[in-house]
Amino acid sequence: MGSNDYYDLLGVSRGASEEEIKKSYRKKVFEYHPDRNPGNKEAEEKFKKISEAYDVLTDSDKRAAYDRYGHSAFANGMGGNQGFTGGFDGGFSTDFSDIFNDFFGGGFGKTSRQSSRENMRGSDLRYDIEVTLEDAFKGVKVPISYVTHVQCSHCSGSGGEGTAKSVKCGTCNGAGRIRTRKGFLTIEELCHTCSGEGEVVKNKCKRCAGSGRVRNEVGILVTVPRGIENGNKVRVNGKGEAGYRGARSGDLYVYVVVKDHKFFTRRGMDLYCNVPIKMTLAALGGEIEMPSIDGTWTKLKIPEGTQSNDKLRMRGKGMPDIQGGERRGDMYVQVTVETPVKLTKKQEELLKQFEDESNANSSPKFSGFFQKIKGIWKDISS
């Protein structure tokens, strides 16, 4: 079983803070908890030792005693008057409520049977899917299949064969919890025979061996809502792992990956795209037909004098709000003014004529730039 040193059991240094001890304990107790390792005696023993270590190291007096005397501090009911003070009462039990709340979402202040039913709940599952941007725009139903534990159809989840009835657990005498004492340290935990139920099935189901669940393939349709974003998850209640002996099933979390689009880039509810336009259209203005994510085509007005990298806004042509309603984001079109190539002689003549008749007002940025450069060189040379 390895070292019995309390610090080694929890995987922390001797100078570890209480918060570090608690954090490490959470991981260890989750890993070795008997409910997650049914029938594993080694895990059960490890769980007991880890719990004992946690109880000692999170109590300042007990920890001081352990640091000074080691395990002998707790042998044979040694009290506070033997080598140290601390006012021990000779019998105490570990309080797991703050730890198990983190794992099982319930209060250990509830009855043993209530808390045990929560601990027998099936695990949540994760499934990843890919959808297109068009799917994310309109919403889509995606068929998926996966293998998990489902309720045993032979016993309907009861874990019993036929009309078998439950009887009082002989290990805990129906209490659902057992106490283990070592020295004056008393640890209370769920009964591993009945998993805290206080009852056991007399004749176990032959198909599921009394667990009330079997592994099988599940097929469902996942509804992906309109406006879903990359990385969002969809929760499907009760479609996770089936619980033990009729306990509540876990949930299925479907994580959505929205594939990159060839034309649009998405930022929140807004869409962005790049479009080349002719030099003449940029200079004179006009209209072009633009595709929208909803599959329609819409006219976009190009203002006179449009420059490369100008962004033109098309209101309400973006993605829908995932919260519902008719609100949509916008579409931003960034234009690139294309310079003509492979000109005919007539086109060259017309462009030369255009150049001859151009003035500073026709290309203000161009003229202003070179005027500025000339001014810089003049200042340097003077």
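Including glycine, each Cβ sits where the backbone N, Cα and C put it.
Small disclaimer: the values here were computed from a predicted structure and weren't measured.
Residues or ranges marked as domain 'J' by Swiss-Prot on the basis of sequence analysis: 5-70.
Annotation comment: Swiss-Prot describes 139-217 as zinc finger.
Residues 201, 204-208, 210-214, 242, 244-246 of the same chain lie 6+ residues outside the repeat 'CXXCXGXG motif' (152-159) yet bring a C-beta within less than 8 angstroms of a C-beta in it. Taken from Swiss-Prot, the feature repeat 'CXXCXGXG motif' covers 152-159 (among others).
According to Swiss-Prot, the Zn(2+) 1 binding site annotation covers CYS152, CYS155, CYS205, CYS208, on the basis of sequence analysis. Around CYS152 (Zn(2+) 1 binding site), the C-beta neighbours below 8 angstroms that are at least 6 residues distant in the chain are GLY159, CYS205, ARG207, CYS208, SER211, GLY212, ARG213, VAL214.
The repeat 'CXXCXGXG motif' annotation in Swiss-Prot covers 169-176 (among others).
The annotation Zn(2+) 2 binding site is assigned in Swiss-Prot to CYS169, CYS172, CYS191, CYS194 on the grounds of sequence analysis. Just so you know, the Cβ of CYS169 (Zn(2+) 2 binding site) picks up 20 other Cβ atoms within 10 Å once every protein chain is counted.
Secondary structure counts, DSSP: the repeat 'CXXCXGXG motif' (191-198) has 0 helix, 0 strand, 8 coil. What Swiss-Prot records for 191-198 (among others) is repeat 'CXXCXGXG motif'.
Long-range Cβ contacts of the repeat 'CXXCXGXG motif' (205-212) within its own chain (Cβ-Cβ under 8 Å, at least 6 residues beyond either end) map to 151-152, 154-155, 157-161, 242-247. Feature annotation from Swiss-Prot assigns repeat 'CXXCXGXG motif' to 205-212 (among others).
Cβ proximity to the Zn(2+) 1 site centre (mean Cβ of CYS152, CYS155, CYS205, CYS208, cutoff 8 Å) flags the following additional same-chain residues: SER153, HIS154, SER156, GLY157, SER158, GLY159, GLY160, GLU161, LYS204, LYS206, ARG207, ALA209, GLY210, SER211, GLY212, ARG213, VAL214. Looking at CYS155 (Zn(2+) 1 binding site) and CYS172 (Zn(2+) 2 binding site), their Cα atoms lie 25 Å from each other. According to DSSP, CYS152 (Zn(2+) 1 binding site) is assigned to coil rather than to any helix or strand.
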